[in-house]
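Input: a single structure, listed below in C-alpha cells.
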Amino acid sequence: MTQNIHQHRILILDFGSQYTQLVARRVRELGVYCELWAWDVTEAQIRGFNPNGIILSGGPESTTEFGSPRAPEYVFNAGVPVLGVCYGMQTMAMQLGGHVEGSNEREFGYAQVEVKTDSALVRDIQDALSATGAPLLDVWMSHGDKVTAIPEGFETVASTDTCPFAIMANEEKRFYGVQFHPEVTHTRQGQRMLERFVRDICQCEALWTPAKIIDDAVTRIREQVGNDQVILGLSGGVDSSVTAMLLHRAIGDRLTCVFVDNGLLRLNEADQVLEMFGDHFGLNIVHVAAEDRFLGELAGENDPEAKRKIIGRVFVEVFDEEASKQTDVKWLAQGTIYPDVIESAASATGKAHVIKSHHNVGGLPKEMKLGLVEPLKELFKDEVRKIGLELGLPYNMLYRHPFPGPGLGVRVLGEVKKEYCDLLRRADAIFIEELHKADLYNKVSQAFTVFLPVRSVGVMGDGRKYDWVVSLRAVETIDFMTAHWAHLPYDFLGRVSNRIINEVDGISRVVYDVSGKPPATIEWE
C-alpha cells in the first residue's frame, strides 16, 4: 500500500499577493503538500482540511481600511502554528490586539533586519553579524503599512531602522509574523526560514517527492478508472505528455492518445511527438492530420481573441469526432495543473480578469459525457517537469520554452495562412538552433519568432523584391508576470538575421523586439 503523501499538509490563505503561488511552490520544494485557498474560508473548511500549519500570505490591501480582508478567527484557535507574511503579519497583529498604521514611506526592495531576540523561526539563521555581534538577515520588503504595536504575548524578534517589528513571535502559541517576503530569492535565507516553520515548528515530514507522487497518482488512476478505457488529447506539450506517461504506467494499452496536427506546430514537431510517444514509449496514438480544416476555419480572421476561440472550438470538434470512433471509452484525461485550478476558481468567484482566454480549462465538450481524469491537478509546473524526468521523458522536451496552446495561430499576426506558417516555422527553427549553439537558450526564459504580415523591400543579387518581415522575441523573467527583453549580443542577432534572410526564401527583413512586460505582453497576440 502506498504511503499517504497528503498526510502532513500546510494551508496557505491567499490575500492577493503576486507571490502567493511562490509561497506554495516553496513549501512543496520542502517535500510537504500544501493547498492555496482564498482568505475567506469557513471554519468547517479549515477543520476538514486539517492542516499541520497555516500561512497567511501577503496582499495589496491595507488592514487600516474598513472591510479589508481578515483571517478567519478559527485560524488563531485551531491549535496549529501560524506564519503571517507581510499583509498576513499585519492582519494577525491587528486581529490579536496589536496596532497597524500607514507608513510615511513605502518600504520596497532590499533591507537588512537585525535579530534582537532568540526565536525558533530564525535560530542559527543569519547572513552576517552586526558590529555588536547581532545576527543580520538580508530580506526583501514590499509594504506600505507597518505594525506599530504587537499583540500581548508576542515578542519583537527583529527590526530595521524604519520597521520596528520586522519579525514578531508568540513562541507559546507558535504564531510568527514576518514583514518581509521569505518566498522570494532576494531574501537569501528565506527558504531556510520556511523550512524551519514547515518542517520543525509544524513537524511536517517530507512525504511529497516525485517518486511518491507518481506512485500515488498511479494508484489513484487505477482506483478511479478500474478496467475502463481512457482517451487523452496529446499535444506534445509538458502537461499532456506527463499525463500520458502517468496514465500509460497506470493502465497501459487501455489509454488511447489522440494527436491533432493542426498545422500550427513548430518545425517537425508532429513527427517528433509521434516518434517519441508511439515508437519509443509504445503508446497507442491516433494521428489526425487536420491542417486544412484549421486553416480553413481561420481564413479571413484577423482578431487575436477570435482566432484563439476558433482554434479551441475546432480542436474540440476534431477531438470529439475521433473520440466517438473509439469504442468503450469512459474517461477523458486532461493535463490540468494546479495553477489552472486556482485561476479557474478565481474567475468563478469574480476575483480575476481575463487577459486572454485560457486554452486548457473549460475546453471539455459537454456532450461527450465522459468522466474526467486529471492526475496533475495538484501539481505546479515545476513539479510536473520533475515527475516527467522521473518517468523517463527527455530533459530538453520538458524544459523547452513555453509554447502557446493556439500555437503559431497567435504568432502569425492577423490572418493565418499556410504560407505564413511555413515561413515562420523555418525562421523560428533557425533562431532556436542558434540560441542552443551559442549556449543562450537556457539563459533566456522564452524565445520565439513572430510573423508580421507586411512586405518590406529587399535587395537580392541585382534586383529588388518585396518580401515578408519577422520579429525575433526573447525575454528574461522569473514568473512571466513581468519580463525584460533579453540583451542578446549584436553579433549573435546579426548571425540569426543573416541565416533567416539567406535560408528562408520569402523573408527580407528581421527585427528584434525590445519591449518589456509591462507595457507589452510577452506574446504579440
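Glycine too: its Cβ is placed from the backbone N, Cα and C atoms.
Summarising the annotation, Swiss-Prot assigns active site, nucleophile to CYS86. The feature active site is assigned by Swiss-Prot to HIS181, GLU183. The ATP binding site annotation in Swiss-Prot covers SER235, GLY236, GLY237, VAL238, ASP239, SER240, SER241, and the record cites sequence analysis as its basis. Annotation comment: Swiss-Prot describes 9-207 as domain 'Glutamine amidotransferase type-1', evidence class sequence analysis. Per Swiss-Prot, domain 'GMPS ATP-PPase' is recorded for 208-400, and the stated evidence type is sequence analysis.
Structural mapping of features recorded in Swiss-Prot.
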residue	record	Cβ neighbours (10 Å)
CYS86	active site, nucleophile	26
HIS181	active site	23
GLU183	active site	26
SER235	ATP binding site	25
GLY236	ATP binding site	21
GLY237	ATP binding site	19
VAL238	ATP binding site	22
ASP239	ATP binding site	20
SER240	ATP binding site	22
SER241	ATP binding site	24
Please list, in sequence order, every residue of the chain apart from SER235, GLY236, GLY237, VAL238, ASP239, SER240, SER241 whose Cβ lies within 8 Å of the Cβ centroid of the ATP site.
LEU234, VAL242, THR243, GLY335
For the domain 'GMPS ATP-PPase' (208-400), provide the mean pLDDT of the predicted model.
89
Between the Cα atoms of ASP239 (ATP binding site) and the residue listed as 'active site, nucleophile', find the distance and write it as a whole number of Å.
33
Near CYS86 (active site, nucleophile), meaning Cα within 10 Å, which of GLU183, GLY236, VAL238, SER240, SER241 (recorded positions)?
none
Could you measure between SER235 (ATP binding site) and HIS181 (active site) for me? Cα positions, answer in whole angstrom.
37
In whole Å, how far does the CA atom of SER240 (ATP binding site) lie from that of GLU183 (active site)?
29
Which secondary structure state does DSSP assign to SER240 (ATP binding site), in the simple three-class scheme?
helix
